[in-house]
Amino acid sequence: MAIHSSFEALAYQSGFANQFSSEALPGALPMGQNSPQKHPLGLYAEQFSGTAFTVARNEARRTWLYRIKPSAAHPRYQRMDRQITGREQGPINPNRLRWNAFDIPAEPVDFIDGLIALASTSAADQAEGVSVYVYAANTSMQRAFFSADGEWLIVPQQGRLRIITEMGVLDIGPLEIAVLPRGLKFSVQLLDGSARGYLCENHGGVLRLPELGPIGSNGLANPRDFLTPVAWFEERDEPVQLVQKFLGELWTTQLQHSPFDVVGWHGNNVPYTYDLRRFNTIGTVSYDHPDPSIFTVLTSPGAVHGQANIDFVIFPPRWMVAENTFRPPWFHRNLMNEFMGLIDGAYDAKAEGFMPGGSSLHNCMSAHGPDNITAEKAIAADLKPHKIENTMAFMFETGKVLRPSLHALACPQLQADYDACWNGMARTFNKESS
């Protein structure tokens, strides 16, 4: 598969969930209707639906594609011998878990073969929940792929990616994210020698911006900072492998044409990128550490109002100015289930053991919080204003328990001594001080 030129500047459209439109050739988009009897350029009209037809209009996600050959032009899929590592859920385990970063493989591995399933909330046939993966790759994909199981949120930690999609081309690197709609065909090219990162597959309602409430009309992730690609296509009639993920399994078929043959499109079921450095961080200017929900970038609502199917939360560089306050994230037992990763630098609640590329999992009611070293320093700190810099941690927080995979519980990256970071917590209680 030809690789889109690695260094040319890409064009984007700005906004979130807009009714976008783009054409790579004049006349690719029909005027005044979606499905003309005969397209002026001889293209096929194909609707790409990300929601049911009858959802509320403000919830609807769909895009009309105008392509050289319809997606229906393919032979039967066959189950692949090689499947994603870690597909099998492990036994119930209530313990706090933490993993070191996974190494880049020595043998050639592309983005799909480099996926490792760490945890999931439910079987892939459920219309809710999430699955969490890490990836480590050292070669560009020479095939195309789509997931029928959910929307993909890709969080690079190392190495830049060029993602060729049916609707255009987008680039991301560390401190940026990409969201790919369920079912969108794409291919990942490596712009550096290798790449590593995290992936959340959202099986539930599509990701959207959180409500701002009393914050007002601006703040957190601003809509204009989300970028959607412009139409780009290739006209090639040659064999291309197409892989799909269906109910957690990989199946493959052989196309006789490029799947990236969309000459024009319009709609709002689209891929997009976002630069996490543009997040407008909100925090206290008086006392106490606010709830981490103020750091939410994107959310997928759950069945219970206010309880997310998945929240994507970041902990970016920020000023700490709270007075008379224990400033690190406080000790916590949570109804929600927290998977954390570290993109860059250090996390302010963990002095050691949590490195870039690493992960941790604290499920429902697992007690967690700053480690012993961090807590001691915070209690004794001189509370001058200071800025936390060189950091970018994130959290996938879900209302459903994340079951670790068998592989995640057996792999050498799992830290056997994670609980030890809370050993020796000093007894500082002094009833004589009352």
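Residue numbering: from 1, along the chain as shown.
From the backbone N, Cα and C atoms, a Cβ is placed for every residue, glycine too.
The model shown is predicted, which means the values in this text are computed figures rather than measured ones.
Taken from Swiss-Prot, the feature active site, proton acceptor applies to HIS289. For HIS332, GLU338, HIS368, the entry in Swiss-Prot reads Fe cation binding site, with the evidence type sequence analysis. Taken from Swiss-Prot, the feature homogentisate binding site applies to TYR347, HIS368, supported by sequence analysis.
Overlay of Swiss-Prot feature records on the structure.
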{"residue": "HIS289", "record": "active site, proton acceptor", "contacts (Cβ under 8 Å, 6+ apart)": "ALA322, THR325, PHE326, ARG327, PRO328, PRO329, TRP330"}
{"residue": "HIS332", "record": "Fe cation binding site", "contacts (Cβ under 8 Å, 6+ apart)": "ALA367, HIS368, GLY369"}
{"residue": "GLU338", "record": "Fe cation binding site", "contacts (Cβ under 8 Å, 6+ apart)": "SER360, LEU361, HIS362, ASN363, HIS368, MET395, PHE396, GLU397"}
{"residue": "TYR347", "record": "homogentisate binding site", "contacts (Cβ under 8 Å, 6+ apart)": "PHE315, MET340, PHE354, THR391, ALA393"}
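Apart from the site residues HIS332, GLU338, HIS368, the chain places the Cβ of ARG333, ASN334, HIS362, SER366, ALA367, GLY369 no farther than 8 Å from the centroid of the site's Cβ atoms, the recorded Fe cation location. HIS368 (Fe cation binding site): 20 other CB atoms within 10 A of its CB, across all protein chains.
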